[in-house]
Amino acid sequence: MTTKRIDRDLPSSDDPSSAKRRIEFPEETLENDGAAAIKLLSLLLQCAEYVATDHLREASTLLSEISEICSPFGSSPERVVAYFAQALQTRVISSYLSGACSPLSEKPLTVVQSQKIFSALQTYNSVSPLIKFSHFTANQAIFQALDGEDSVHIIDLDVMQGLQWPALFHILASRPRKLRSIRITGFGSSSDLLASTGRRLADFASSLNLPFEFHPIEGIIGNLIDPSQLATRQGEAVVVHWMQHRLYDVTGNNLETLEILRRLKPNLITVVEQELSYDDGGSFLGRFVEALHYYSALFDALGDGLGEESGERFTVEQIVLGTEIRNIVAHGGGRRKRMKWKEELSRVGFRPVSLRGNPATQAGLLLGMLPWNGYTLVEENGTLRLGWKDLSLLTASAWKSQPFD
């Protein structure tokens, strides 16, 4: 992917390790919109510098200027700048109020919020391969891990509407050796929405003559007071699915989550994570710059397939991408340190399971069948990475419990 640099001198007080950051964006994205895009991005970075150094009056002035020249309905650079500017504005207001605006991740979602997010994710699934890749790759790994098993228990740490599981039901139902039972334990924020998801999955399983049970748990795994709520049974193969995102907190207490997984000793954990490596407890500017680069690629990818007038595009950008940007920029910070999950899973007794071979081949075939160009698939050290013009967006990996020596 050809990129173009935008250089800004960033204050060393915020990030002592680097007095200057070089920010690179897809050259075609910038060239299509010319000097206007470069000016917008430069203004946004200047505003981020002001916020990082608590020059809030200057930041507010610059945000007013930015709001006059960019729109969430314009070009891809305009749109991404508009959402990052909104997030900076939220952070500025929070700073004026002495932190009165608490992180969204600490607030349970209302039913209405959940429904809006789930609906927007369904739309995203119809206009982009990212969610399809997540579901398909994890399902292939799970199917392989369940070879020879006839009693299955899947623990989905964020089941949402359960969109992933009908495809797995299909391939499990096609096996010569029929399942004696398949259970899904699904975590979620609303008992009503969980019940609705359970009914849909039960109806689908029934249509395939699969013996199915759904076990809803309202809440998040890291806050589980009694791990026996997971209700594992003797002789069943246990799989944990963990799709990470930044729409809301999925796991709660990181250390408790790891301890529960360690004690659970599942046959397999499938993890799909965004390729954002910043540390929430570190530099604000570091978090801002990496997020700006990452989400610029996502906006560019959507813009490549959908026009500026597309209602689907606006829905995804506003409810999915805009919410994640706000959580990273306006609410992210030192309250909670992001784990490096690869290292942490290894530390508590898990080893990676390679996704090369059939999962990689099947993922490549899926990507080739979809109508979107510009996406790339790379197998690296047994993981699968989906990218946009060579910038990694999602990484899928699988893990297996192993005893300590």
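We number each residue from 1, going along the chain as drawn.
Here the Cβ of each residue, glycine as well, is placed from N, Cα and C on the backbone.
Range annotated as motif 'LxCxE motif' by Swiss-Prot, chosen from 45-49, 100-104, 200-204, 240-244: 45-49. Beyond the region 'Leucine repeat II (LRII)' (196-228), the same-chain residues lying 6 or more positions past its ends with a Cβ under 8 Å from any Cβ of the stretch are 157, 159-162, 165-166, 169-170, 172-173, 179-190, 249-257, 260, 263-264. Sequence-distant contacts of the motif 'VHIID' (152-156), counting only residues of its own chain at least 6 positions beyond either end whose CB sits under 8 Å from a CB of the stretch, comprise 142, 146, 162, 164-165, 172, 179, 181-187, 230, 232-233, 236-241, 264, 266.
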